[in-house]
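Peer 1: Sharing a structure, written as structure tokens. Questions coming.
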Ligand code: SF4
Ligand code: SF4
């Protein structure tokens with residue numbers, strides 16, 4: 001089992017989650033983070049830290065379709081372990097529908113650099 005990052009993170013990316021992860025298994029894309037399923041130890045401490053509630057256990061029916069995306073991009077995007085400023089328009093995208101189709105991009109973020 002693992003936790004996964006889901007659609008609500010897209011364009012919000014508050015990064016509160018990375019500060020609490022004991023095994024540093026978050027990876028950063030341009031518009032969202034993902035969790036590496038093979039590195040996550042399933043501790044659950046990140047879940048309540050996420051302001052838009054984007055993090056779910058993979059046992060949640062909503063999480064299922066996001067597992068492949070977390071698996072794929074955690075292999076391609078840089079690791080992120082330190083909190084950084086959220087995008088200036090993050091608040092305006094909270095709770096928006098269909099963010100994956102509107103904004104998802106495979107472009108990597110800058111990680112801890
Ligand atoms: S706290 Fe939530 S919204 Fe912020 S980066 Fe982590 S998963 Fe994304
Ligand atoms: S559940 Fe624990 S190990 Fe997995 S991503 Fe969240 S904080 Fe990290």
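A Cβ is built for glycine as well, from the same backbone N, Cα and C atoms used for every other residue.
Straight from TrEMBL, here's the annotation block:
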DOMAIN    1-30  domain '4Fe-4S ferredoxin-type'
DOMAIN    31-60  domain '4Fe-4S ferredoxin-type'
REGION    77-113  region 'Disordered'
COMPBIAS  82-101  compositional bias 'Basic and acidic residues'
Peer 1: DSSP-wise, what's the residue breakdown of the compositional bias 'Basic and acidic residues' (82-101) into helix, strand and coil?
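Peer 2: Taking each residue of the compositional bias 'Basic and acidic residues' (82-101) in turn, the totals are 7 helix, 0 strand, 13 coil.
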Peer 1: Could you put numbers on the helix, strand and coil content of the domain '4Fe-4S ferredoxin-type' (31-60), residue by residue per DSSP?
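Peer 2: Per DSSP, the residues of the domain '4Fe-4S ferredoxin-type' (31-60) fall into 3 helix, 6 strand, 21 coil.
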